[in-house]
Amino acid sequence: MFLDTTPFRADEPYDVFIAGSGPIGATFAKLCVDANLRVCMVEIGAADSFTSKPMKGDPNAPRSVQFGPGQVPIPGYHKKNEIEYQKDIDRFVNVIKGALSTCSIPTSNNHIATLDPSVVSNSLDKPFISLGKNPAQNPFVNLGAEAVTRGVGGMSTHWTCATPEFFAPADFNAPHRERPKLSTDAAEDARIWKDLYAQAKEIIGTSTTEFDHSIRHNLVLRKYNDIFQKENVIREFSPLPLACHRLTDPDYVEWHATDRILEELFTDPVKRGRFTLLTNHRCTKLVFKHYRPGEENEVDYALVEDLLPHMQNPGNPASVKKIYARSYVVACGAVATAQVLANSHIPPDDVVIPFPGGEKGSGGGERDATIPTPLMPMLGKYITEQPMTFCQVVLDSSLMEVVRNPPWPGLDWWKEKVARHVEAFPNDPIPIPFRDPEPQVTIKFTEEHPWHVQIHRDAFSYGAVAENMDTRVIVDYRFFGYTEPQEANELVFQQHYRDAYDMPQPTFKFTMSQDDRARARRMMDDMCNIALKIGGYLPGSEPQFMTPGLALHLAGTTRCGLDTQKTVGNTHCKVHNFNNLYVGGNGVIETGFAANPTLTSICYAIRASNDIIAKFGRHRG
């Protein structure tokens, strides 16, 4: 589908160049365009999910009529908004699987013993190396399920929309905090975060009330609070903050994604004139003014390749663009942002690399050599991951009587829903209406229980329910832990292996500390204890630890913070020693965290955008 933004112009530098079109890149674009800056955004993938809205000034502008006549298509729409997936959430599992590309697949130790001996096979000396297959990847230190999504909107086209705030302990100097420090002063830090979170929630549209009239949601939420209150145990169950809104037909909800953030850049003719979006364009690297470590530097231009002309005619000079801007933002996700910056350490052919090892790389033998990054020494170091436990339960039969006769006051709407359903379907063994919205319950991270909990029903790349089970009585439990940042945990990029898009192959080196492992065991115990209070395990979905990386919340790859010796950028996400280079996304978060990071990453994008606007802003009519 044609995207109606301002065409690319090579003859005039942009104010801001942005690599990446997920919610973080979109936040940069929105705020910079709102501040009268000209923005060029490139996305390696295609635009494959759309909504449409009226143009600004149209008398129907307040209405949201999807794909009405004469309306403007907006990319980056959440694919779960399709009616078929709202009616059957488990069918969305395959959409997620299709969107994800695994980052690093070990191959050196994979011998297929039963392969026909006369066919092509791998060997120890020459293992397979295509499409993420990585001979340099040690399987014992891999994040085996870490994956990326390429396309306008990024993972926001299939995410859960969970947008909790990070935990900050009362003691500013407590040994662990989810929420990073943006100031050394406790009061100022709290004020900054309060303001940023408020803005971020407005941008993405966070709510905790969209499931208030769900029977299952209220059943799970109220039952758990009653159980723990009777046991004299302090555990606070509350609605999970979600970026969504309930539609006029209460059976349906609209899940928010990048389209919400980009909307005015398509519907407002003035803003659209300052915004260019190039899809199927790979940001190959940034070219720097010089390559001398430790000295003040800046980006000269972004080297971008249009993949469509190249696909039709390899070597077509029209496929390569040099995009000049006053400031540059790389916000392609935790893996790809670091990938672009690592690849940027390999300069054009006519530039001599001044740092030792720049020609051959480091990190092992020639075959497994990695790209050195002395211009950004902390790039890829101190990465963090979320250990994750999962199970599904079938609700206790006794709870069906609670559904028929809820013991809590003020629930006439509940009783009316049940009565209508029972009357319409007297042979249904379950009194819950077919279109009753799913539960969306959370337990927040605390010092006593340092993990994030989601008790709900949603689609992931795993956890689909068998067709012969009624999903109305299935509840999912996902517990997310955290790992402490360690310098030895790192993401590096190979010199001699390439990914599917001809970029340096990522390789993980990640292990959990003893404290991390002990905490994960406690988290599993907690999940089992909580889950069994209202049901029994669904066969095949008993409690289990998930493959590392499956949470898709990798962070720390481009960490930003107050300590210049342990970070890639400052608290405004400006890369150290570069006056016009910024990073965005979950990779900037320097702390270990258990909650979903998108809202916090939007906060960083707001703060960084304000810095860009202050430095590079100028009035435009």
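The backbone N, Cα and C atoms fix where each Cβ goes, and this holds for glycine too.
Feature annotations, reproduced from Swiss-Prot:
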{"type": "MOD_RES", "residues": "His158", "note": "tele-8alpha-FAD histidine"}
{"type": "BINDING", "residues": "Gln454, His456", "note": "substrate binding site"}
{"type": "ACT_SITE", "residues": "His553", "note": "active site, proton acceptor"}
{"type": "ACT_SITE", "residues": "Asn596", "note": "active site"}
Look up Asn596 (active site) in the DSSP assignment and reduce it to helix, strand or coil.
coil
Run through the Cβ atoms and count how many others sit within 10 Å of the one on Gln454 (substrate binding site).
22
Going along the chain, which residues six or more apart from Asn596 (active site) have their CB under 8 A from its CB?
Thr160, Ala162, Thr163, Pro164, His452, Phe480, His553
For His456 (substrate binding site), what is the tally of other C-beta atoms lying within 10 angstroms of its C-beta?
22
Whole-number Å distance separating the Cα atoms of His456 (substrate binding site) and His158 (tele-8alpha-FAD histidine) is 16
Give the residue from the recorded positions His158, His553 that has the most other Cβ atoms within 10 Å of its Cβ, counting over every protein chain displayed.
His158
Whole-number Å value for how far Gln454 (substrate binding site) lies from His158 (tele-8alpha-FAD histidine) (Cα to Cα)
17
Structural state of His553 (active site, proton acceptor), classified by DSSP into three states:
coil
